[in-house]
Amino acid sequence: MAADSREEKDGELNVLDDILTEVPEQDDELYNPESEQDKNEKKGSKRKSDRMESTDTKRQKPSVHSRQLVSKPLSSSVSNNKRIVSTKGKSATEYKNEEYQRSERNKRLDADRKIRLSSSASREPYKNQPEKTCVRKRDPERRAKSPTPDGSERIGLEVDRRASRSSQSSKEEVNSEEYGSDHETGSSGSSDEQGNNTENEEEGVEEDVEEDEEVEEDAEEDEEVDEDGEEEEEEEEEEEEEEEEEEEEYEQDERDQKEEGNDYDTRSEASDSGSESVSFTDGSVRSGSGTDGSDEKKKERKRARGISPIVFDRSGSSASESYAGSEKKHEKLSSSVRAVRKDQTSKLKYVLQDARFFLIKSNNHENVSLAKAKGVWSTLPVNEKKLNLAFRSARSVILIFSVRESGKFQGFARLSSESHHGGSPIHWVLPAGMSAKMLGGVFKIDWICRRELPFTKSAHLTNPWNEHKPVKIGRDGQEIELECGTQLCLLFPPDESIDLYQVIHKMRHKRRMHSQPRSRGRPSRREPVRDVGRRRPEDYDIHNSRKKPRIDYPPEFHQRPGYLKDPRYQEVDRRFSGVRRDVFLNGSYNDYVREFHNMGPPPPWQGMPPYPGMEQPPHHPYYQHHAPPPQAHPPYSGHHPVPHEARYRDKRVHDYDMRVDDFLRRTQAVVSGRRSRPRERDRERERDRPRDNRRDRERDRGRDRERERERLCDRDRDRGERGRYRR
């Protein structure tokens, strides 16, 4: 009866436990595959009874959920963990002894479980904390890509703990099964051999004592494992924190490198998030049993932690190799560009060698743009004179342009010619109150650099020739010292659109022209380099014959042996053709005509002396003052022919003089004819005037006589009338 009442109480308690722990039991069975395995083993065993299976399931419930129900009273845990063994064939004293020993054993196990639960409860928040902080430190994009890493890791930790607890409970179940099987065999054999009951009892007591010792040893081993696990977990947490700090530093370095360089990183964020998700899944799949669980946990965590962005770089060698290849290609490209720029710099230094530098200030950007487009520049007459002198004396003259209030230099160019006047006008944008007549001539320039240079990059340069002021400060036409100007020009960014070879070619051509001596002691006059066959309009003017090209020989040419002057050609200065030089240069046209008219007729034509053995034909009287027509040359008669250049030069000069003479005669005849016509008319009028005067005088005299007669008649009438009135 007592046993039946005790079984009923145990059944009621089990029903209450089932009601309280129904839903968590389903959850635990979902996540605890060992419980199902244990159930299948128990169902397959024929030795176990139905009551034994129910006690096994009741024993698993509190063992699994003891973590969630820490606040349960000790009595409920004791009642849940009671082992119900069949009491057939046993006396009441034996049963009481077994029951007492079983209750003592359960108390000891409950105390061990409480200690373990308290330690695990205190360990759980500390364990979860670094995972939370680690998750906080992730980027928001990675958090969006792996939304459930925290839950998976927690589930993995709980699975590890449940696996360790289930291993302990499985050990207890094995012990209880052995104990129950021993008692079952004892109870089945009691009906046959009642005399052996005492021996079975002694064996059962000894087995119970051995089981108690084994349980205590297992509990001590579990405590040691827990302590070792706690120490290992603390070490792992410290290692995790250090690795997280290293990852943060590496990510910061990567960001800095991305900000500094323009090259984009080939690694994608998906790869980083993938590596992290791998670490989370590894953590969620981890499971262990017994004492090997902690070691496996440590190894797997280290392996999972090893998959970091740094390790990913090592694994993704193809991406890094391609990135390195692109960097090598970039280095090759930069080396070729560097070689071109080095060549450009060497040419620029050659152009700037022994040059003179002038600062050119413009009032607006339009004039500088016009100068860049047409390659010309105009300045005030004061600066024009200065630049012309510099062009004659220096190897190169460099103009550095700057627009006022722009804060930059707009480029620099080299003078390629002196200023010239009379060309096509250039429409400069002039400030208010300034006319184009105030500007000087037009310079031709060759641009060396059309790119800009801010003043901030030349702040360290000062001009010694402008009181050591910064080179940006200066008026229009301010000259810059050689070293300062060279450094300033080298600061400009290279302009690959400019071919410096053309500039160097013009420099060498100018130097050759400058080094050639000029005959007759005339001052050197430079002409801008022009294409062959192109001449300015003033080159066709008959009064500018001195601008035409001549063949100039060095002074020692006429003294060289074997040189004979042409006896037919005599050097005559025909520039002024008998007119005084001051009248020819500064006089008006009327003065020139008057001077030429007073000069007298030209001398009679004298042909060139003939060569020996040649007859001279007689001159026609018409050609006394005019050149005779060209005659055919006689055949070759053993003498040297006249040089073509000498013939051409003599003919050219003589033809020019003849044209001038004819022109002056025609103009003189026209002028004299215009003046003689009115004089003849006046003379004719003067001749006809005496006749007309006589007639007029006679008419006037007759009119005067008639008027006098009329006056006398009028007087007589007046007198007669006055005498009548008096009478």
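Here the Cβ of each residue, glycine as well, is placed from N, Cα and C on the backbone.
Among the features that Swiss-Prot reports, compositional bias 'Basic and acidic residues' is placed at 1-12 (among others).
Marked as compositional bias 'Polar residues' by Swiss-Prot: 63-90 (among others).
Residues annotated as compositional bias 'Basic and acidic residues' in Swiss-Prot: 124-144 (among others).
Summarising the annotation, Swiss-Prot assigns compositional bias 'Basic and acidic residues' to 151-163 (among others).
The compositional bias 'Basic and acidic residues' annotation in Swiss-Prot covers 170-185 (among others).
Feature annotation from Swiss-Prot assigns compositional bias 'Acidic residues' to 199-254.
Summarising the annotation, Swiss-Prot assigns compositional bias 'Basic and acidic residues' to 255-270 (among others).
Residues or ranges marked as compositional bias 'Polar residues' in Swiss-Prot: 280-289 (among others).
The compositional bias 'Low complexity' feature in Swiss-Prot is assigned to 315-325.
Look at Swiss-Prot and you will find 508-523 tagged as compositional bias 'Basic residues'.
Here Swiss-Prot flags 524-564 (among others) as compositional bias 'Basic and acidic residues'.
As annotated by Swiss-Prot, compositional bias 'Basic and acidic residues' applies to 679-727 (among others).
Under the heading SUMO2 cross-link, Swiss-Prot lists K96, citing a large-scale study or a structure entry as support.
According to Swiss-Prot, the domain 'YTH' annotation covers 355-492, on the basis of sequence analysis.
The annotation phosphoserine is assigned in Swiss-Prot to S35 (among others).
All protein chains shown were included, and the count of other CB atoms within 10 Å of the CB of S118 (phosphoserine) stands at 11. Here Swiss-Prot flags S118 (among others) as phosphoserine.
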Pairwise CA distance, S435 (phosphoserine) versus S118 (phosphoserine), rounded so that it is a whole Å: 102
Segment-level pLDDT (mean, integer) for the domain 'YTH' (355-492): 94
Inter-residue C-alpha distance, S424 (phosphoserine) and S118 (phosphoserine) (nearest angstrom): 105
Count of other CB atoms lying within 10 Å of the CB belonging to S424 (phosphoserine): 5
Residue distribution over DSSP helix, strand and coil in the region 'Disordered' (669-727): 58 helix, 0 strand, 1 coil
Cβ-Cβ neighbours of S435 (phosphoserine) (radius 10 Å): 7
